[in-house]
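Swiss-Prot has this to say about the protein:
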- 9-147: domain 'DAC' (DOMAIN)
- Gly76, Leu94, Thr107, Arg108, His109, Arg110, Thr111: ATP binding site (BINDING)
Amino acid sequence: MIKVRLQKDNDLMDILNIMAPGTPLRDGLENILRAKTGGLIVIGDSEEILDIVDGGFTIDAEYSPSYVYELAKMDGAIILSGDVKRIIRANAQLMPDPSVPTFETGTRHRTADRIAKQTGNIVIAISQRRNIITIYRNNIKYVLRDSSVILGKANQALQTLEKYVSVLDKVINNLNVLEFRDLVTLFDVMTAIQRTEMVMRIVWEMERYICELGNEARLISMQLNELVRYVEEDEILLIRDYCETYMDYTEVYDEIQSMSSEELINLDQISKILGYTGVPLVDTFISPRGYRMLHRIPRIPSNVIENVVKNFKELKAVMEASYEQLDKVEGIGEARAKAIKNGLRRLKEQANIDKNIVTR
């Protein structure tokens with residue numbers, strides 16, 4: 001679903017994917033949790049990891065949840081291969097660099113935190129007394145929760161998402177009408193980007209829940225895909241349509257993702273990121289380049305859309321262009337020229353049908 005979220009988010013998703021309910025690793029962790037033995041598991045057997053291992057014994061056997069459960073009864077750590085297919089060592093003592101800072105309490109969790117920061121590997125600490133599973137990697141710390149708790153939160157987030165998508169639909173419908181009338185203001189654009197990013201942040205939360213739930217999340221995943229199928233793509237295309245020409249739209253998108261919730265509320269702050277400083281949002285009119293609308297026309301390749309925007313600069317000019325003018329653009333023949341003209345006409349008609357211009 002989410003393709004371009006920030007790297008830290010993606011790292012956490014990767015971790016949750018391999019530990020979702022139903023995976024062999026999660027089954028092993030749950031067995032240890034139920035037995036209340038506690039445990040420390042390191043994923044990865046690189047030289048860097050083996051250099052801080054002292055003692056224990058070599059297993060080098062195929063991974064299975066029952067093997068891990070039995071080995072966790074011993075005090076030492078378990079070392080798994082990076083692909084979690086083999087158990088490399090057991091009952092190992094780990095000697096991380098004591099100068100690596102940690103705010104964890106308890107020997108097991110302090111060791112796990114330090115190793116994760118020192119090596120960048122995934123380290124799992126299973127608490128004997130608190131009965132929780134904590135995952136560490138680099139500076140990430142995440143506590144796995146019971147599926148019933150996550151399912152409740154996921155359903156609640158889904159209800160919130162439905163409300164946000166409803167508001168976003170109205171904002172986008174309004175923007176569509178204004179784009180075809182060439183009456184878009186910076187306020188309209190920044191509101192659309194703000195609302196889209198708000199939706200994407202809830203989607204990311206939902207994706208995290210889905211990763212944690214594993215095969216228990218099929219229904220929620222289907223509902224999520226139905227709700228927000230093209231939302232992230234729309235946000236990127238909005239930025240391409242309206243950011244200043246000298247700016248890299250991917251960097252702009254990264255900056256918007258990095259905004260805090262408080263900053264995201266401020267439309268002037270979003271406007272500044274897109275290259276507009278010290279201008280009144282409501283009174284400043286701006287024309288779209290046309291990326292978003294052209295991408296909505298079926299069977300028009302991305303490279304052709306690039307050529308159209310490069311030639312005509314604005315959506316208004318594309319709409320006013322004749323078949324002959326479109327035909328001259330590289331990659332556009334008579335058939336594509338008709339497809340673009342007819343496609344834009346249909347989109348304009350649809351926008352007028354859907355219009356729900358928000359009174360400001």
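Glycine residues also receive a Cβ, built from the backbone N, Cα and C atoms like all the rest.
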(message) Out of Thr107, Thr111, which of these binding-site residues shows the lowest number of other CB atoms within 10 Å of its CB?
(response) Thr107
(message) For the domain 'DAC' (9-147), how many residues does DSSP put in helix, in strand and in coil?
(response) 48 helix, 41 strand, 50 coil
(request) Report the residues of the chain - excluding Gly76, Leu94, Thr107, Arg108, His109, Arg110, Thr111 - with C-beta within 8 Å of the mean position of the site's C-beta atoms, for the recorded ATP site, in sequence order. (result) Leu40, Ala77, Gly106, Ala112, Ala125
(request) Can you check how the pLDDT averages out over the domain 'DAC' (9-147)? (result) 93
(request) With ATP as the bound species and Gly76, Leu94, Thr107, Arg108, His109, Arg110, Thr111 as its recorded binding residues, calculate the greatest Cα-Cα distance and give it in Å as a whole number. (result) 14
(message) Fewest other C-beta atoms within 10 angstroms of its own C-beta: which of the binding-site residues Arg108, His109, Arg110 fits that?
(response) Arg110
